[in-house]
Amino acid sequence: MSLVRVLSALGDSSDGGHTLLPRLAYTNGGTPMADIDPLPSAQRKGLIAVSVMAILSFIATLFLLLFITYRFIFWRSNYARYIGYNQYVVLIYNLVLADFQQSIAFLLCIKWIAEDKIEASSAACFLQGFWLQVGDPSSGLFVLAIAFHTFLLVTMGHKLSHRVFVSGVVGLWLFVALLVVIPLAAHGRNVFVPSGAWCWISEDYEPLRLWTHYIWIFLAEFGTVCLYAVMWFQLRRQIKQSTILGSSHTESLKRLRRVIGYMVIYPIAYIVLSLPLAAGRMATAQGQTPNVAYFCVAGALITSSGVVDVLLYTLTRRNLILESEPSQDRSYNRFMSSKNRKTDHLTTITAEPKNRTDITALRTMKHRNDEEDLEHTVRDGSTDNIVQSGVELTPMGKVYQHTTIEITHEPAFPSEGESSNRSSGDSDKRAAQSSRMWGNRR
């Protein structure tokens with residue numbers, strides 16, 4: 001009976017297509033490290049797919065990085081304004097840089113295929129784990145940065161200053177460097193060993209995996225979904241309100257919506273391509289490790305994010321640069337910055353003849369625009385209802401008249417009786433000091 005069980009166990013373990021076969025190796029310090037020798041059939045085929053996507057992403061991201069870098073340096077022959085001030089282009093540049101480092105990590109799978117094994121103590125294993133620890137979180141963080149930058153533009157109506165923006169980009173890279181340093185400082189270079197289908201942080205350090213890797217990928221995925229959902233509803237409401245009110249900012253809001261439409265493609269692509277691998281890693285942390293074929297498919301997907309981002313930028317580059325450049329009047333900025341401001345103005349239009357007959361029309365305006373738009377509005381309508389319909393001016397014929405017309409507005413809205421008294425008093429006082437006068441003899 002025991003022989004039957006042994007043969008049965010050998011038969012179950014003979015399927016190398018779905019099982020990783022670790023072999024213990026020892027470092028100089030005696031620490032056990034698991035090599036994978038030889039590669040299972042399914043893992044070998046899966047790593048070929050990962051390597052193909054890594055080659056495509058490496059070539060695509062390298063070409064785009066060189067192209068944008070060239071435009072950053074020699075921008076005068078192509079742009080009227082320095083392209084480095086376009087914050088969306090800079091964010092995409094850093095996202096592609098993160099994808100480039102990720103593709104370098106997966107390129108090392110070619111070595112495992114060629115040697116038909118993964119050696120834990122090799123420099124290639126360390127470098128693969130190192131570059132994955134850099135590339136995966138940085139890609140997610142820059143996708144989140146794109147979403148947050150767009151969120152500020154929609155909710156606050158302005159972009160970050162160039163100094164603050166550059167500080168934020170540098171800060172993100174410093175944070176990514178910290179995520180790499182923490183595992184190395186805690187466990188040394190042997191923290192990166194064969195894990196799943198390639199080299200990464202050892203399964204013995206699950207808390208380290210969570211807080212230096214998983215949490216930031218899931219934060220990027222969840223955060224981008226929430227931010228873009230809020231932006232979509234808010235921008236839709238603003239466009240609807242501006243259409244009802246006949247606001248001149250409607251076209252600028254639609255222009256902003258097009259920019260958001262271009263930028264939302266990047267987080268969607270990131271979530272679709274990164275979620276399978278992140279879910280597989282979390283399942284491993286829960287003790288339910290997927291087979292090697294799953295990890296290879298997930299690895300091929302996340303590796304393709306580089307070529308996908310390059311393709312998206314190539315298709316949307318021209319429209320993105322044109323639409324995200326600030327307009328001459330920055331009308332969408334004025335709309336956004338003043339949309340939460342409520343200002344009540346009391347506008348007084350006074351006609352004062354020499355015989356002390358005062359003809360006053362009070363008009364109160366409530367508007368949600370800035371003072372510049374208010375001045376244009378008042379100036380355009382200053383001839384309306386200056387003379388009330390119930391006032392008869394015919395008996396004043398053949399009388400020499402000096403008429404003063406003054407237009408004032410106050411940023412407060414007091415009570416009705418107090419408003420009339422104060423407005424008339426202020427008008428008389430200002431008319432006595434300085435005014436524009438028109439004389440005519442009738």
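Cβ atoms here come from the backbone N, Cα and C positions, even for glycine.
As given in TrEMBL:
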- 47-70: transmembrane segment (TRANSMEM)
- 91-114: transmembrane segment (TRANSMEM)
- 139-157: transmembrane segment (TRANSMEM)
- 164-186: transmembrane segment (TRANSMEM)
- 214-233: transmembrane segment (TRANSMEM)
- 251-320: domain 'G protein-coupled receptor GPR1/2/3 C-terminal' (DOMAIN)
- 259-280: transmembrane segment (TRANSMEM)
- 292-315: transmembrane segment (TRANSMEM)
- 405-442: region 'Disordered' (REGION)
- 432-442: compositional bias 'Polar residues' (COMPBIAS)
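With a threshold of 8 Å between CB atoms, the same-chain residues lying at least 6 positions outside the transmembrane segment (164-186) that come near it are 87, 90-91, 94, 130, 133-134, 137-138, 141-142, 145, 192, 201, 205, 208, 212-213, 216. Counting Cβ pairs closer than 8 Å and at least 6 residues apart in sequence, the transmembrane segment (91-114) and the transmembrane segment (214-233) reach fewer than three and form no contact. Looking at 139-157, 259-280, 292-315, the range that has the most CB pairs within less than 8 A of the transmembrane segment (214-233) turns out to be 139-157. In this model, the domain 'G protein-coupled receptor GPR1/2/3 C-terminal' (251-320) carries an average pLDDT of 84.
Using DSSP to sort the residues of the domain 'G protein-coupled receptor GPR1/2/3 C-terminal' (251-320) gives these counts of helix, strand and coil: 62 helix, 0 strand, 8 coil.
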